[in-house]
Amino acid sequence: MPIHLRHHVFAKERLVAFSDAVFAIIATIMVIPLKIPEFVTDGANFNLEDYIINSDFALQVAIYYLAFYLVWDAWLSHCRVFHILEHVDDFVTFLNLVALLFISLLPASISLVSSYPEDSLALTIAFLNILLISIAMFFLVFFAVRQTQMLDSLIVEAVKVRTLKWTLYAPLLINPLIALLAIIFAWGVTDQPKIGIITLFMIIPFNFLARFILKKIQVRYLRKRVIYLTNEDEGIFCLINNFVSKERTLALSDGVFSIIGTLIVLDLTADIYKKEGKATEATDFLKEEQYAFYSYFSSFMIAGLLWFIHHSMFSLISAVNSYITIFNGLSLMFLGLIPFGAGVASSFIDGTNTNNEITSVRIMVALIILASLSQLALWSVAHCEKSKCLSNEVNSHMIEFIQLWKLLIFPFTGLLVYLVSFSSGVTLNHFYTYFTFAVPVLFILPRAMLFLMTRIKCFTTKASEERPVSAVSDLRYSRIQIQNEPADTTGLIYNQHDNNYLTTDTFKKLPGSTTSVDGGTITEETN
């Protein structure tokens, strides 16, 4: 009887795909509350730069990054749990849904903290959310390691090792402990809830430290004590070496990119048509909102090209280690703010070269630079572990050059636009337009040059193959003048390969060809 009928278990692939989609949506929609209110921008004296620096907006951005990290950390824990599972049953599916339920509440609870940073109750709700996530994931791990019929056959003995179990449990304990410490600071030690928020940010360094220590423990103890560890099984290999499944990494990344492309268009399809005093004619309306449409086109193209870089990188990456995972999460974190940057650009770019327009362009370009630099760091880390993380195709210098070219386009062009924004003699809107149209051209330039060189090479090769072979034109056997040439070369044949003369009797044929000498004439037929 099949195992899924005998034990009432099912394949995990569909549940994993569903979970990755939910994680991608949660990680991306957290940027929606992050916008500049319209009632603030309506004032004639509104200054975008002062608003970002002097208001609580910087705190809101920081809390967004914290929430993104919490979702990313929960996704990593989810990956580790499902590394050891080969099948799932009804109870595991239910626990997984409960965990996703509490994770999906993170955008709401974290937004509550950003909206009411002075209220200790908001911080308490966020702490309870983090605690419930950890409890749900803990029970998911606890139940999974005790159901041998659902485990990978190579991991059945491995999960009996106490050290391995603690490497699964320990990361789940850090977040609630630090969140509890933040609550103590917010309620008991001080009357300033912002101190509790700052304490909550300590989750990030402590989590990285704990994962680093656990990785050392895994390398030192687990490989010695678990006798069934082999590199042939992806689950056990990823678990022991702290690697993440490439398929799950791509699923999460593609989900984030697709939702980013969708969120960019929200301002174009919703708020833009609800403005008071809008034009009565469609022609006048399109003229008034031409920069909003242009902002959408440019932002979508930039997000698409960043996805293309990500796609080309991971087509050459064969394994995803912990450092690649970190920089991939960092790039997705910056990319998640691109819909916000696109919304700011569509609100303030109007061709007038005002301070607000310049600031909005700087925000957008800064996000592009940070996301592209994270991708460059990802590729550098993968290249440092070339034997473990990259496929054999990367041995080609041309492939490496093209990939590096793609990775450097956005940092250099973005930095150029950012520096030009400080020049008063340049209309920044026009320069930003040139930047948007120049980047796609730079992307296809190396491929176009490679295609042209290949066509030229094929043309010259074909022409040389069609050229008749004679004693004078043959490149391998010709009577040419060389140094130390014998005084009398009558009856001798010059061998260009060995740089000497051969007599007719000692002449040897080349492999794959038929060569003869008849009356001083060289004739060759290639097989």
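Keep in mind that glycine also has a Cβ here, set from the backbone N, Cα and C atoms.
Unlike curated entries, TrEMBL annotations are predicted automatically.
TrEMBL lists 15-37 (among others) with the feature transmembrane segment.
According to TrEMBL, the feature transmembrane segment maps to 57-76 (among others).
What TrEMBL records for 88-110 (among others) is transmembrane segment. Tertiary neighbourhood of the transmembrane segment (88-110): same-chain residues 7-12, 15, 19, 22-23, 26, 29-30, 33, 63-64, 66-67, 70-71, 74, 78, 125-126, 128-129, 132-133, 136-137, 139-140, 143-144, 147, 150, selected by CB-CB distance under 8 Å and a gap of 6+ residues from either end.
Summarising the annotation, TrEMBL assigns transmembrane segment to 122-145 (among others). Within the chain carrying the transmembrane segment (122-145), a Cβ under 8 angstroms from the stretch's Cβ atoms is held by residues 70, 74, 77-78, 81, 84-85, 91-92, 95-96, 98-99, 101-103, 105-106, 109-110, 112-113, 115-116, 151, 159, 165, 168-169, 172-173, 175-176, 179-180, 182-183, 186-187, 193, 196-197, 200, all 6 or more beyond its ends.
According to TrEMBL, the transmembrane segment annotation covers 166-189 (among others).
Sequence-distant neighbours of the transmembrane segment (195-214) (same chain, 6+ residues past either end, Cβ-Cβ under 8 Å): 59, 62-63, 66, 69-70, 73, 113, 117, 120, 123, 126-127, 167, 170-171, 174-175, 178-179, 181-183, 185-187, 189, 242, 322. Marked as transmembrane segment by TrEMBL: 195-214 (among others).
Taken from TrEMBL, the feature transmembrane segment applies to 255-273 (among others).
Among the features that TrEMBL reports, transmembrane segment is placed at 293-314 (among others).
Under the heading transmembrane segment, TrEMBL lists 326-349 (among others).
Under the heading transmembrane segment, TrEMBL lists 361-382 (among others). When Cβ-Cβ distances below 8 Å are used as the criterion, the transmembrane segment (361-382) is approached by residues 299, 302, 306, 309-310, 313, 317, 321, 323-324, 327-328, 330-331, 334-335, 337-338, 341-342, 344-345, 349, 389-390, 403-404, 407-411, 414-415, 417-418, 421, 428-429, 432 of the same chain, each at least six residues removed from its ends.
According to TrEMBL, the feature transmembrane segment maps to 403-425 (among others).
Sequence-remote contacts of a segment are chain residues at least 6 beyond its ends whose Cβ falls under 8 Å from one of its Cβ atoms, and for the transmembrane segment (431-452) they are 294, 297-298, 301-302, 305, 308, 349, 361, 365, 398, 401-402, 405-406, 409-410, 413-414, 416-417, 420. Positions annotated as transmembrane segment by TrEMBL: 431-452 (among others).
Two recorded stretches are said to be in contact when at least 3 C-beta pairs lie under 8 angstroms, sequence spacing 6 or more; the transmembrane segment (57-76) and the transmembrane segment (326-349) meet this definition.
Where the transmembrane segment (293-314) meets the stretches 15-37, 326-349, 403-425, the count of C-beta pairs under 8 angstroms peaks at 326-349. Beyond the ends of the transmembrane segment (15-37), by six or more residues, the same chain brings 48, 51, 57, 60-61, 64, 67-68, 71-72, 74-75, 78, 82, 88, 93, 96, 100, 103-104, 106-107, 110-111, 114-115, 248, 251-252, 254-256, 258-260, 263, 266, 332, 336-337, 339-340, 343-344, 347 to within a C-beta distance below 8 angstroms of the stretch. Same-chain neighbours of the transmembrane segment (403-425): 302, 305-306, 308-309, 312-313, 316, 358, 361-362, 365-366, 368-369, 371-373, 375-376, 379, 431-432, 435, 438-439, 442-443, 446, counting only residues six or more beyond its ends whose CB sits under 8 Å from a CB of the stretch. Below 8 angstroms of C-beta separation, residues 27-28, 30-32, 34-36, 41, 48, 61, 64-65, 68-69, 72, 249, 252-253, 256-257, 260, 263-264, 266-268, 272, 291-292, 294-296, 298-299, 302-303, 306, 310, 320, 356-357, 359-361, 363-364, 367-368, 370-371, 374-375, 377-378, 381, 429, 432 of the same chain, each at least six residues beyond the ends of the transmembrane segment (326-349), sit close to that stretch.
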